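Trainee: Below: one structure in structure tokens.
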Amino acid sequence: MAKQVAFNEEARRALKRGVDVVADAVKTTLGPRGRNVAIDKKFGSPTVTHDGVTVAKEIELKDPFENMGARLLVEAATKTNDVAGDGTTTATVLAQAIVHEGLRQVAAGANSMMIKRGLDKGTAVLLQAIRDLAKPVNDRTDISSVATISAADSSIGDLIAEVMDKVGKDGVITVEEGKGLGYETEYTEGMQFDRGYISAYFVTNSDRMESDLEDPYILITDKKISSIQEILPVLEKVLQFTKNFVIIAEDIDGEALPTLVLNKLRGTINVLAIKAPGFGDRRKAMLQDIAILTGGTVISEEIGRKLDSATVEDLGRARRVIANKDETTVIEGRGDEDAIKARIEQIRAQIETTTSDFDREKLQERLAKLAGGVAVLKVGAATEPELKERKHRVEDALSTARAAVEEGIVPGGGIALLSVLPALDSVVPANQDEKAAVLILRRALEEPIRQLARNAGEDGAVIIDTVRRLQKEKGDSTLGYNVITGEYGSMVEMGIIDPAKVTRSALQNAVSIASMILTTDALVADIPEKEAAPAPGGMGGMGGMDF
């Protein structure tokens with residue numbers, strides 16, 4: 001297919017037009033006074049959203065060169081969303097401002113590579129200043145404030161703070177569509193996995209169709225048990241202490257299963273047999289998690305152990321094990337605290353190094369089951385568009401709250417970026433172009449607060465001047481403007497705070513994408529094919545004639 005090519009100024013101007021289309025649509029959603037954007041869907045009702053990244057992802061432009069600029073900006077928003085869960089609109093606003101100022105300098109004769117080098121120097125200093133500005137999240141109020149700002153709804157903020165308080169910072173919180181009109185929460189205590197009892201004959205509560213064992217001994221193995229003789233030695237030893245016995249194995253079949261069922265029905269032993277969760281390497285890891293949580297040992301031939309060698313010391317313990325046909329919950333495992341902490345740190349390290357989103361999600365689930373708990377947040381609404389929009393806001397608020405716990409909080413409302421501007425004084429530019437890059441950053445970092453003011457119908461320049469004057473007079477870098485009340489004051493005291501991770505990621509990704517655009521000198525794209533004109537219709541047949 002033939003290609004079209006654009007060079008230098010023409011190429012950069014095309015990218016800028018694409019950037020502007022996306023940024024102008026997205027930045028209207030910034031802040032509590034931000035507007036909604038309606039997105040047409042081929043099927044069903046339109047989506048009405050206040051979420052920047054959702055708007056950005058939907059934009060596709062006809063001109064291939066302009067579309068490249070649009071896609072690059074979407075990349076900045078998406079990357080920020082992936083890393084921090086929020087801050088997509090801020091990243092978009094910053095990137096647009098850097099592109100505008102940068103292109104002006106390049107058009108005036110500046111070297112784009114020197115501009116990029118200056119941007120990199122300035123950004124490194126600013127990122128460190130944001131980290132230094134951050135304060136750790138100490139209480140539930142901070143989490144509530146962060147989530148409230150993200151969702152623009154205090155009820156969502158309070159709900160997320162309550163849920164995070166219950167399941168802990170490492171707990172798994174999932175968001176689902178509910179059946180009602182409001183919000184519902186479900187909690188799971190202990191470790192839960194998606195495998196239930198092997199046979200309904202193990203049920204102890206026929207009303208709830210559950211097997212509920214108090215203070216059982218737990219045999220954990222990755223083997224299939226086919227003969228009762230394999231586990232008879234350990235069974236006889238357990239019966240000296242208790243009748244409550246749980247077996248977690250790859251499978252139980254052959255004569256082993258009917259023998260266990262028969263002894264359960266006779267009352268000889270109160271046994272519960274469960275299939276091991278997961279598959280392959282993940283199964284081995286999950287069995288090891290269960291063993292560490294309960295203080296047991298996984299009986300596996302990989303470590304040279306056979307089932308008939310199992311002793312009471314190899315068995316895990318828990319206050320309670322509950323199983324139905326679909327899932328099992330182990331409550332208050334009696335494992336060693338230090339061993340559990342070491343396992344948690346090991347999983348955390350794996351989360352940091354993995355490149356697969358799927359693996360990361362599964363590792364986070366395992367971490368939550370060991371360290372915290374599991375909560376399900378069910379979101380309801382009167383109509384489907386409202387439900388989707390509300391669910392988006394809850395997911396964003398949850399991600400923002402997690403980011404705040406991770407790296408701390410900074411003043412919100414664009415004030416954090418304004419507060420770190422003096423850090424640029426320490427940058428030593430090697431030439432005039434690098435000096436121009438520092439000036440580009442100074443101008444760009446004011447843009448989020450200008451846009452917040454614009455969305456609230458205020459004059460951004462006046463607000464920035466007033467904020468700077470008040471900060472200088474009172475010596476307080478947290479002073480800012482509340483666009484909801486129209487008052488100046490400490491952003492932290494007013495509960496207007498952002499996660500440092502969100503602010504940092506937004507700046508980092510905005511500079512990265514803007515630098516890429518500024519240093520682009522050629523664009524190559526397919527020449528769009530003209531659609532062929534429809535063929536003329538055939539002649540109508542003549543009625544009454546058979547051939």
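Cβ coordinates are placed from backbone N, Cα and C, and glycine is handled just like the others.
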Trainee: According to Swiss-Prot, Thr29, Leu30, Gly31, Pro32, Asp86, Gly87, Thr88, Thr89, Thr90, Asp498 bind ATP; which one of Gly171, Gly178, Gly180, Gly413 is listed for that same site?
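Mentor: As annotated by Swiss-Prot, Thr29, Leu30, Gly31, Pro32, Asp86, Gly87, Thr88, Thr89, Thr90, Asp498 share the ATP site with Gly413, chosen from Gly171, Gly178, Gly180, Gly413.
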Trainee: In three-state terms from DSSP, label Asp498 (ATP binding site) for me.
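Mentor: DSSP call for Asp498 (ATP binding site): strand.
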Trainee: Out of Thr29, Thr88, Thr90, which of the binding-site residues has the smallest number of neighbouring Cβ atoms within 10 Å?
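Mentor: Each of the binding-site residues Thr29, Thr88, Thr90 was scored; lowest Cβ tally within 10 Å is Thr29.
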Trainee: Judged by the number of other CB atoms within 10 angstroms, which among Asp86, Asp498 is the least packed of the binding-site residues?
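Mentor: Counting other Cβ atoms within 10 Å of each of the binding-site residues Asp86, Asp498, the minimum falls on Asp498.
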